[in-house]
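Chemist: Have a look at this one.
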Amino acid sequence: MSTTLYDKIFQAHIVDEIGDDALLYIDRHLIHEVTSPQAFDGLAQKGRKVRRPDLTFATMDHSISTRSLAIDACGPANKLQLQTLADNCEANGIQLFPVGHQKQGIVHVMGPELGLIKPGMTVVCGDSHTATHGAFGALAFGIGTSQVEHVFATQTLKQSKGKCMQVKVNGARPLGVTAKDIILAIIGKIGHAGATGCVIEYCGDTIEGLSMEERMTVCNMSIEAGAKAGLIAPDQTTFDYLAGREYAPKGADWDAAVAYWKTLKSDTDAKFDIVVELAATDIAPQVTWGTNPGQVIGVNQPIPAPEDFSDPIDRDSAVKALKYMDIQAGQKLADLTVNHVFIGSCTNGRIEDMRAAAAIAKQGKVAENVTAIVVPGSVAVKAQAEAEQLDKIFLDAGFEWRLPGCSMCLGMNDDILSQGDRCASTSNRNFEGRQGRGARTHLVSPAMAAAAALAGRFADTRDFIAND
């Protein structure tokens, strides 16, 4: 019987079947300081140990300061989280990459760059953006703290099999259109709950033409479409990225692994529950206008009115979003001034993102009304960017160049916005209060964020590219 990539990975990891559910073996468990403490406590209370510490890797990312290497820089509560993670990892023999370690970084940035994620794996983390790792053809999804404890104890997880949605994107990308624009356009088309109950497989010649870092950006925001996970079949681009990385197979093991990885693709006549198609040629640089990622438009489109939506829930959501974001239907995004710009996160904190933003930043100076920060996703990204002197480009233009961490993606550290602030952000969520109480978040690509920083308002990155 013809099967999808999702089917193949799911079936290969079934340890036992429990009614309509399956007990899946977990190949890789990534942890950080926020969702692991209670799981470790539960384990200790029951007198259990971590079953496979060798398959578990930890980093510090959410609660850390991007201004200082001191673990107490974000206050006593965050320090306690970080110290607790360090103590738990030491007690259980888990590899930890703490603040200051050369391999430290945002969990979904450092994992791939170390070669920890491989095609065909099951990957979990107490973090919703675990879907990032689906870019490698791995079944990767976020889990809750009680599930983190279950994986600690058994290296398995009970799961029900979801539907499979195929998203095809074909055609040449227009000037200035990035992977971030592609995934925002997808979410705009299907809605922020459009893939609920599904695993998305992204395909088509546009997707095949993306680099691994671009594929990670696409898969990262699968959760913002309502999906459990996102997948892209591995190919030569995947193999080239993994070759030589620290935790990648070597020698004969590499040859055997690649031979297996080449089988990890949906059969040509596999049936999908839902099929969605987009033409890349129709996509423009995107900006979210509302309070969920599905409320998104091309940079030169007017902000929609509630009556433009046929669904009553969407209409109500639009009314609330317009009020919260302090914008008007019909208004142009170019009329909106921004006072903050954030470039970073597990969505757009990799070296290609730094390069794209720097290509715009070198064309001017940050506007007087704007505070702009650039936060590399890992120590390795920071080092590479500095080797290419990208940090100098940012600093000369008036951006702040920070230490690695999750930073302003979420209001969980010292990079928090204030009431009424408007931010062009390369992160993944624009929910009310996501970057601080009363703050207004607009999701954009790194190039669009850099353009907004220079213009002091939303600007079409294509104008900057044309002048480069």
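Quick reminder: no glycine exception, Cβ is built from N, Cα and C everywhere.
Note that this is a predicted model, so its numbers are computed, not measured.
What Swiss-Prot shows for this protein is this:
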type: BINDING; residues: C346, C406, C409; note: [4Fe-4S] cluster binding site
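Locate each feature and note its surroundings.
Modeler: Sequence-distant contacts (6 or more apart, same chain, Cβ under 8 Å) of C346 ([4Fe-4S] cluster binding site) comprise I106, V107, H108, V109, H129, T132, N220, G377, C406, C409, N428. Secondary structure at C346 ([4Fe-4S] cluster binding site), as computed by DSSP, is helix.
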Chemist: C406 ([4Fe-4S] cluster binding site) has how many other Cβ neighbours within 10 Å of its own Cβ?
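Modeler: Cβ-Cβ neighbours of C406 ([4Fe-4S] cluster binding site) within 10 Å number 30.
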Chemist: List, in sequence order, the residues of the same chain other than C346, C406, C409 whose Cβ lies within 8 Å of the centroid of the Cβ atoms of the recorded [4Fe-4S] cluster site.
Modeler: D61, H62, I106, H108, H129, G344, S345, T347, G349, G377, G405, S407, L410, S427, N428
